[in-house]
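Features of the protein shown, as given by TrEMBL:
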| type | residues | note |
| --- | --- | --- |
| SIGNAL | 1-26 | signal peptide |
| DOMAIN | 151-245 | domain 'Ig-like' |
| DOMAIN | 258-339 | domain 'Ig-like' |
| DOMAIN | 352-434 | domain 'Ig-like' |
| DOMAIN | 555-653 | domain 'Fibronectin type-III' |
| TRANSMEM | 664-687 | transmembrane segment |
Amino acid sequence: MHRKQRMKERTSFMFIHIFAFTVINGENVSTPSISPSGTVDIVQGMNLTLNCTYQTNKTVHQLIAWNQLKQNGTSFASHLSIYDAPGSTCAYFDGNVSKYGYSCPADNQFNIIIYNVQRISSQGSTWMCSHQVGSFPNVFSTTVILNVQVPVRSVTLSPDLGNLSVIEGRGRQFECKTSPGEPAPRVQWFKFSDTNATNINITSLSISSLSTAGTSSVLTLVLTRYDHGLRIKCSAENVGSAKIESATKPLIDVLYGPSVTEITDQQIVKGRAFTYNCSVTVGNPAELTFIWTRNGSNETWHNQQLYLPSVQRKDDAIYYCTATNELNPTDEPNQNKTDYKSFHLDVLFGAENIVFYLEQYQESSSFNVTESSTVTLKCLLDSNPGSTIVISKDGNNKHTVLDTKSLSYSIDGKCDDAGVYTCSGSNQYAGRLSKDIDIHILCTPRAAPNVHISYNVSSVRDANVTLSFTALAFPPLQQSSFLWQKCTISGCEPVLRDKTVVSFSTSGFGNRLGECNLTIVNVREDDYTEYQMTVNGISDKKWRFFLNALDKPQPPTDFMVIVDYVTKTSANATWLSGYNGGLPQTFQLQIRESGDSKWTIHYIQENSTINTGNMYFVVNGLQSGFEYEMKLFAFNAIGNTSSVHITFSTLNHMVSVSSSSPNVASVAGGIIAGIVGILITVLCVVLRRYKIKCFLKHDLLDKVVYDTAERTNINNGVYDELQNVNTNGLSECSVSFYNELGKAYESLDCSLSHTSEYSVLTRNQHNKLDDDNITEIPGKAVYVNTTIGN
């Protein structure tokens with residue numbers, strides 16, 4: 001089967017139909033046509049298909065024969081006959097089927113397949129076909145001459161060596177001879193590597209003599225060290241695409257001397273041992289001999305490494321390293337190659353023996369530190385002169401000291417102190433040394449710093465909404481550490497599994513960040529309420545989330561003009577923005593002269609899309625001494641609020657006092673009065689900044705009401721403790737290993753487990769809170785900012 005397939009693949013077809021008709025006893029007998037015709041090139045050993053075609057009525061049996069001209073050149077020999085009868089397909093009649101095959105692709109078309117075509121003579125092989133109808137004589141076709149081409153079979157390279165050693169820069173000749181071939185073989189030369197199959201064609205460096213009896217080619221190469229490890233080969237070809245390569249492919253061994261690397265001047269402390277390695281790019285062969293010498297002395301050292309056990313002043317000198325190898329070329333005498341470099345020896349040593357540890361702890365690569373415990377990191381090293389020592393955390397420098405041998409750095413055991421600490425030290429004489437230790441802070445769960453947590457979330461009905469909380473704790477939390485509860489007017493209960501989906505993941509150093517997400521599916525009216533979340537059942541720590549329906553904003557409050565900032569041409573308006581309804585809100589401020597019908601309109605975008613806070617706007621271009629009306633309202637994509645109104649007057653022109661000489665006392669008094677006025681203004685702003693507080697009365701079933709009646713009751717930004725969480729019922733995020741892990745966290749000596757202290761909410765920092773977002777005040781729910789930050 002495989003032989004037939006190969007024969008089929010190697011068989012080519014050409015069909016040309018030319019007919020001449022002869023009438024014999026009423027039968028049309030055509031002269032058969034053979035294709036291809038003329039002279040056909042064919043490579044010896046391949047298969048060839050010849051086609052014989054004739055035109056006649058198929059009413060009697062017919063015989064088609066294929067004939068080859070004998071070597072005597074005067075007669076033909078029949079090699080294959082095909083029988084074709086009316087009403088049937090063609091069939092084998094006579095011939096050597098081991099050398100010839102046949103096929104009948106169509107009526108009156110007959111093919112012979114010549115297997116393994118061979119060259120008989122230089123004149124080629126002549127074929128024709130004949131057509132016989134019944135008992136009538138044969139009708140012969142024209143002839144086709146097969147020009148059988150003989151492919152080159154072998155090529156020989158000399159010298160026939162597996163390895164050839166040549167001194168760099170010397171010329172070397174190689175010769176390749178081929179077997180006979182028709183047409184005359186062509187020779188090509190290549191360089192290649194055993195590790196890289198890419199051939200580098202170097203035929204241009206050769207001279208060839210072409211002959212059908214065999215081609216000879218001579219290659220002359222001047223070899224360099226870059227030719228070392230390459231092989232030389234030649235190939236021959238004449239017909240077809242196949243190339244014959246030489247069996248001999250000598251490996252080129254280019255011999256060259258060593259090269260001593262440039263040596264920089266060295267320094268060493270007096271009395272210390274000095275060792276220096278003579279760096280060298282080895283030659284070929286790589287075996288080297290070394291000798292160290294110095295000026296002003298006959299002393300020598302016969303090693304690659306220079307060693308001085310105790311450096312003295314007399315050792316301050318120029319040192320020379322000389323490297324030598326011996327070259328052994330093929331068919332040539334041996335030679336020695338040398339190279340040398342020098343350097344000046346001086347003094348000094350660099351940083352070494354670095355030690356990095358926690359004081360009062362055994363040396364280790366990892367430490368667990370109780371939260372709020374102060375520990376000191378100590379880094380020591382040896383160097384002379386001193387080194388620059390750096391202690392860094394997670395790649396960020398924490399403490400740096402120059403020209404020292406020790407460095408201490410203390411941390412307070414805060415949760416965000418956990419990480420990888422590195423001590424590194426170096427001076428100008430040695431490499432940089434470093435050592436790492438891992439510090440884990442045992443932290444009770446709290447809101448992760450630097451992670452944005454949205455405590456007020458807005459949504460439309462019938463959509464899915466997610467409340468997300470990221471806790472920081474070590475040992476790491478698990479999903480069962482979290483408890484989500486839904487709060488109504490009657491209390492808080494674990495969320496229902498058929499209405500919510502809870503997901504959990506960990507990240508960060510030591511997996512100390514645990515993110516738990518509560519997704520409320522198909523939000524309904526009763527889902528717009530408060531949700532509480534606790535971690536590990538710690539009763540005095542809870543986080544409150546509010547799901548709000550998208551609505552128009554609440555009206556702005558405390559709309560006023562700051563009197564101390566009113567000038568002849570400008571005024572500074574301020575107000576407290578209300579809840580934005582869950583959408584970005586914009587303020588429209590209108591101003592006009594009293595009694596005028598035309599308003600000038602200004603639009604002010606709120607800084608935050610979810611928080612309340614102080615707003616300021618400076619109105620310029622006013623007239624001196626005029627009374628103005630100003631009104632303000634807020635709007636978002638859903639609707640707008642009612643407007644609030646105020647009136648104010650700009651300052652009159654100052655009355656100028658004419659005097660021939662200035663009154664210095666009056667000027668000084670005016671300056672002092674101005675400074676006092678500015679101080680009073682700043683004091684008013686500061687008092688306003690630190691005393692404004694907005695309370696949210698949150699009826700969980702109906703509406704949100706803002707109350708500013710108790711704006712001055714806040715003292716230093718310190719809030720009451722969070723209310724206790726009801727842990728009687730556990731949700732899908734409840735604690736499956738509550739007793740064990742809960743006890744582990746409760747045992748940590750961490751004041752954050754019991755108290756929560758907050759930074760003062762300032763005018764420009766209303767987006768920043770500590771990890772406890774809401775503080776319970778009896779009778780009121782405080783509405784504050786919702787962005788966690790540094």
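Every residue gets a Cβ built from N, Cα and C, even glycine.
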Could you break down the residues of the domain 'Ig-like' (258-339) into DSSP helix, strand and coil, giving a count for each? 3 helix, 37 strand, 42 coil
Taking 3+ C-beta pairs under 8 angstroms (sequence gap of 6 or more) as contact, is the domain 'Ig-like' (258-339) in contact with the domain 'Ig-like' (151-245)? yes
If you average the pLDDT over the domain 'Fibronectin type-III' (555-653), what number do you get? 90
Just give the helix, strand and coil counts over the domain 'Fibronectin type-III' (555-653), going by DSSP. 3 helix, 47 strand, 49 coil
